[in-house]
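For reference, TrEMBL has these:
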type: COMPBIAS; residues: 25-42; note: compositional bias 'Low complexity'
type: COMPBIAS; residues: 65-78; note: compositional bias 'Acidic residues'
type: DOMAIN; residues: 119-219; note: domain 'Cyclic nucleotide-binding'
type: DOMAIN; residues: 251-364; note: domain 'N-terminal Ras-GEF'
type: DOMAIN; residues: 369-417; note: domain 'PDZ'
type: REGION; residues: 1-84; note: region 'Disordered'
Amino acid sequence: FQLPADLTKMHLTDNPHPQVTHVPSSQSGCSIASDSGSSSLSDIYQATESEMGDVDLTGLPEAPVDSEDEEEEEDEDIDRTSDPLLGRDVVRECLEKEPADKTDDDIEQLLEFMHQLPAFANMTMSVRRELCSVMIFEVVEQAGAIILEDGQELDSWYVILNGTVEISYPDGKTESLCMGNSFGITPSLDKQYMNGVVRTKVDDCQFVCIAQQDYWRILNHVEKNTHKVEEEGEIVMVKEHRELDRSGTRKGHIVIKATPERLIMHLIEEHSIVDPTYIEDFLLTYRTFLTSPLEVGNKLLEWFTVDSLRDKVTRVVLLWVNNHFNDFEGDPAMTRFLEEFEKNLEDTKMKGHLRLLNIACAAKAKWRQITLQKPSRDSPLFFSLLGGSDKGFGIFVETVEMGSKAAEAGLKRGDQV
């Protein structure tokens, strides 16, 4: 999500020769896993539907629940991908097919392999998919073979899949490129010529090549479909227009890059039909570009004071608590944020949302044992309780005195005894 510090890197091909980075050939894929307790709020909505009154809960999407069959399929997928050599054989079979013969499954296999290579790092998924559909596989078996002569007219963009090549420039400097690096044309229809000699350094060098016309067409199409948001002369967000079906009814912009501040702000903005899970995606990935969850929490508390934003802010907090409760349970500062947010719900008489929040907290909280020692029977407890059989619900901690022995022992407001 996060924009690089150097905004010029946002242009997909400003640097056709990225920094040489070696990617081990054993890496055949990667995966992102969410918290094991992640789920939708639909069960909570149903439990409180009769008590919610006029609370509007539309727009909060459901997350799929894993079934036993799906778990078995995942195990099979792991078995299939655990052997990197097997994975590479499948990829090579797909690569050796002519572009016209590639099936959708072939393109997905190539996409899974290509997305980890540096040459494709700054490209969107749709761009990579189109490039995978037109790429051609080439192998140079011997070391020392010249691939491109100095001054030769270029007609393709090359990405190295195996081996190493060396570029010898006219001024005597040399550059080594290895797996995942690229060389060749830039996305333009102008005539371009090679500066230097490109030769293989090892046997069995493998490449994918994309013709100049295809490379220009795909990247130029992306530029036309990209909307850049500027503030004070700087680009703070990049959106891409996408269509999810041929009818044209499901189309809109999806956020592909933004500054951390702009990503947080987008939580309460309208999300297009092609980007319905933005909030969930943000809550899953914010740890990679923010130093503290309080950066989000403080903004949410600030926006809660605005009447028109209150409902949107509450939805974000409900999803956050329901899907990532560890962010609150293991962080005293975030626990205080949650307590303050609950108080705000009470003050604004949003009882339905408050009940949803309490149920989500109760469902996600872990059992723990706390020992609180008193010097004498008459010593104060430093906390108060609420509920009981006469109230018709369980016993809960209502307040805990800050800095007290009870607080030090880990007792928190909302704990059920």
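Note: Cβ is positioned from N, Cα and C throughout, glycine not excepted.
In TrEMBL, annotation is done automatically, which means it is predicted and not curated.
For the domain 'N-terminal Ras-GEF' (251-364), the DSSP counts in helix, strand and coil order read 82 helix, 8 strand, 24 coil. Helix, strand and coil residue tallies for the domain 'PDZ' (369-417), in that order: 4 helix, 15 strand, 30 coil [DSSP]. In the domain 'Cyclic nucleotide-binding' (119-219), the DSSP tally of helix, strand and coil residues is 20 helix, 39 strand, 42 coil.
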